[in-house]
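Peer 1: Can you read through this structure? Questions will come right after.
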Amino acid sequence: MDKFKKFTGARSGKIIEGLSEVKEYLQNYGYISESATNFTNSFDEMLVSATKLYQQYYNIEQTGRLDEKTIGQMMVPRCGKRDIGNDTSFMQHSANHGNLQSIAHYEIFEGRPRWKKRALTFSFLPQNKLPDNYKKTIARGFSKWQAVTPLSFRETGSYSKADIKIGFYSREHGCGHAFDGVLGELAHAYAPPFGWFHFDNDENWVVHQGDQLGHNSKDPTMLTAIDLESVAMHEIGHLLGLGHSVDRNAIMFPTLTYGVRKIELQKDDVDGIQSLYGANPDSSESSPSSHAQNLFRGTPAVSRWWGPTLLAAKPAMALVDIIFL
Ligand SMILES: [Zn+2]
Ligand SMILES: [Zn+2]
């Protein structure tokens, strides 16, 4: 996405070599109609309105120009699933949490697809021979979503019968969305009832155990290192039926800033998933919202997982993951 830097300051009426790629980017994420083709390099009305829509989504002043903030946002690693478009219905509604009036920012796929049964199984592609700490990391992600819903997740050795099939693949792998080597697309997951959960095998996945690195983990200071748990948490939300959230702290926010480990569900994630499935009946909290509030009291949304020196030297990073319906 570093290639977008040169467009900083671009505005209506300009013609700039390569500007069509910004239009393609905005189209990929739902800001330009899918039917539009043959993009030109001219900063036309289409680009102005798409830019404004993008700025609205990311809460940036709607200038319609590719100003510094807008280009900066476009350069942040992100999920490949579109922000707005046909496959999701944007849910921004008022929810009454006690005396506190707050806005939910989560998104549900159109038609509200969700799992009909509550006890779900997941299984790892046997050929991957995944290390145990990879499996534990992904299983930990499931248990966090389980804690706030009536759903339960259990690993099964029977891959073909599992509801959720987890596999690490390189390049073309038969699901219709090829991976692309290091960085770019990192993972994708399908909404219910498909249960396909695919990771890009070419990424340098980093696994943590507590605050320690897992034993066969890659070096987290590598500029291409990707935190497996952060990506898994986000993708599981899609597997269960959640789209993206506009809440920056939410697990379901489409971008993951480089060097940030983001593994705890936030209130908006919980509100979203509970709108589909209800709360966990075993929870001691009767009200979903107070449960969520208690759960997250004092929980930081994100934690840095390597030092500030490296962060200062951050390179241009590509997409974090990609999810399609
Ligand atoms: Zn996503
Ligand atoms: Zn796939």
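Yeah, the Cβs are placed from backbone N, Cα and C, and that goes for glycine too.
The Zn(2+) 2 binding site annotation in TrEMBL covers Cys79, His234, His238, His244, Met252. Annotation source TrEMBL lists domain 'Peptidase metallopeptidase' at 111-279. Residues or ranges marked as Ca(2+) 2 binding site by TrEMBL: Asp163. What TrEMBL records for His173, His188, His198 is Zn(2+) 1 binding site. If you look up TrEMBL, you'll see Asp180, Gly181, Asp200, Glu203 marked as Ca(2+) 3 binding site. Per TrEMBL, Ca(2+) 1 binding site is recorded for Glu203. According to TrEMBL, the active site annotation covers Glu235.
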Peer 1: Nearest of the recorded positions to Asp200 (Ca(2+) 3 binding site) by CA-CA distance, picking from His188, Glu235, His238, Met252?
Peer 2: His188
Peer 1: Within 8 Å of the Cβ centre of Asp180, Gly181, Asp200, Glu203, which other residues of the chain have their Cβ, at the recorded Ca(2+) 3 site?
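Peer 2: In sequence order, the nearby non-listed residues are Ser170, Phe179, Val182, Leu183, Gly184, Glu185, Leu186, Asn201, Asp202.
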Peer 1: Near His198 (Zn(2+) 1 binding site), which residues of its chain come within a Cβ-Cβ distance under 8 Å, counting only those 6 or more away in sequence?
Peer 2: Ile166, Gly167, Phe168, Tyr169, His173, Cys175, His177, Phe179, Ala187, His188, Ala189
Peer 1: Whole-number Å only: compute the distance from the Cα of Glu203 (Ca(2+) 3 binding site) to the Cα of the residue listed as 'Ca(2+) 2 binding site'.
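Peer 2: Cα of Glu203 (Ca(2+) 3 binding site) to Cα of the residue listed as 'Ca(2+) 2 binding site' measures 25 Å after rounding.
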Peer 1: List those of the binding-site residues Asp163, Gly181, His198 whose Cβ lies under 6 Å from any atom of ligand 2, in sequence order, or write none if there are none.
Peer 2: His198
Peer 1: Could you check the recorded positions Asp163, Asp180, Asp200, Glu203, Glu235 and say which one's CB has the fewest neighbouring CB atoms inside 10 Å?
Peer 2: Asp180
Peer 1: Within 10 Å of the Cβ of His244 (Zn(2+) 2 binding site), how many other Cβ atoms can be counted across all chains shown?
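Peer 2: A count of 28.
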Peer 1: Please identify, from the binding-site residues His173, His234, His238, the residue with the sparsest Cβ neighbourhood, meaning fewest other Cβ atoms within 10 angstroms.
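Peer 2: With the binding-site residues His173, His234, His238, fewest surrounding Cβ atoms within 10 Å: His173.
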Peer 1: Using a 10 Å radius around its CB, how many other CB atoms surround Met252 (Zn(2+) 2 binding site)?
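Peer 2: Other Cβ atoms found within 10 Å: 25.
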